[in-house]
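**Student:** In case it helps, Swiss-Prot gives these features for our protein:
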- Asn28, Leu30, Gly55, Glu76, Asp101, Asn125: S-adenosyl-L-methionine binding site (BINDING)
Amino acid sequence: MDKIVSPSKTKAIVEKYKFRFSKSLGQNFLIDQNILEDIVDGADIQPDDCVIEIGPGIGTLTQFIAEKAHKVVAIEIDRNLIPILKHTLADYQNVEVINQDVLKVDLHQLIADKFEGKPVKVIANLPYYVTTPIVMRFLEEKVPVDSLVIMIQKEVAVRMQAGPGTKDYGALSIAVQYYCNPEILLKVPPSVFIPQPKVESIVIKLQVYPEPKVKVERDDLMFALVKDAFGKRRKTLLNALSSGLLQLSKEIVRESLEAANIDENRRGETLTIEEYATLTKEVAARQ
């Protein structure tokens, strides 16, 4: 069938299937061809690439992805959209739609079963409430994907890319930048969606590193230190880390900071990932 990227075609499909938008699922459908093309261009899909699309909606973006990719597996949680997707994607033989929650899918098994060892990329339009759980699942579980191109709420994208010493720098910044290089591709105004969301969106590309940015033997300890350091942003590192969930003594914290050459009066938001890695090594040696 023809591309469905226009306000009139989108509305016609919604009316034909009597589809009701779910606020709880954050459903907003794109209606701007330029934005759709920019997303696909940003993903840099090669003819041999396979794509996992999360939240295909009515298949608007899926149609553009399918024209570039070797194969697309679109994971949609809303069963009411499945009949629509079967209709809008009927002409695309390289697309498979799965009606599941991506947080419950065995992603390693899916990739092994569906993609024949070919390169895998992720493209997604994620509502605010599941952005971090979905992104961190791919990264922490080391799901073998080359990149994630995701459309998310502006504030979350800014936090992912923020650097030390800025107001947006936090635990999410470090977690994302530990595993990948974040690059903001484009801003997306509310006017290019049906219905229009109340927030601005950003398309960000997370290029996954072959290995994490820094070498840390105990990344669980590093992220626990990060959580404690940012949990009490106004406190110095000495006070934040000695009164956090790790229950470290002031003596251990002071010795570890000194060995890592980090001033105990600094705050957590000023440390680089490399400094957190060094601090983790020193704390681990004293636990």
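Just so you know, glycine gets a Cβ as well, placed from its N, Cα and C.
Describe the structural surroundings of these features, if you would.
**Tutor:** When other Cβ atoms within 10 Å of the Cβ of Leu30 (S-adenosyl-L-methionine binding site) are tallied across all protein chains shown, the result is 22. The DSSP secondary structure for Leu30 (S-adenosyl-L-methionine binding site) is strand.
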**Student:** Determine the most Cβ-crowded residue among the binding-site residues Asn28, Asn125, using a 10 Å radius around each Cβ and all protein chains in the structure.
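**Tutor:** When each Cβ's neighbours within 10 Å are tallied, Asn125 leads.
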**Student:** Within a 10 Å radius of its Cβ, which of these binding-site residues (Glu76, Asp101) has the fewest neighbouring Cβ atoms?
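**Tutor:** Checked Glu76, Asp101; of these binding-site residues, fewest Cβ neighbours within 10 Å: Asp101.
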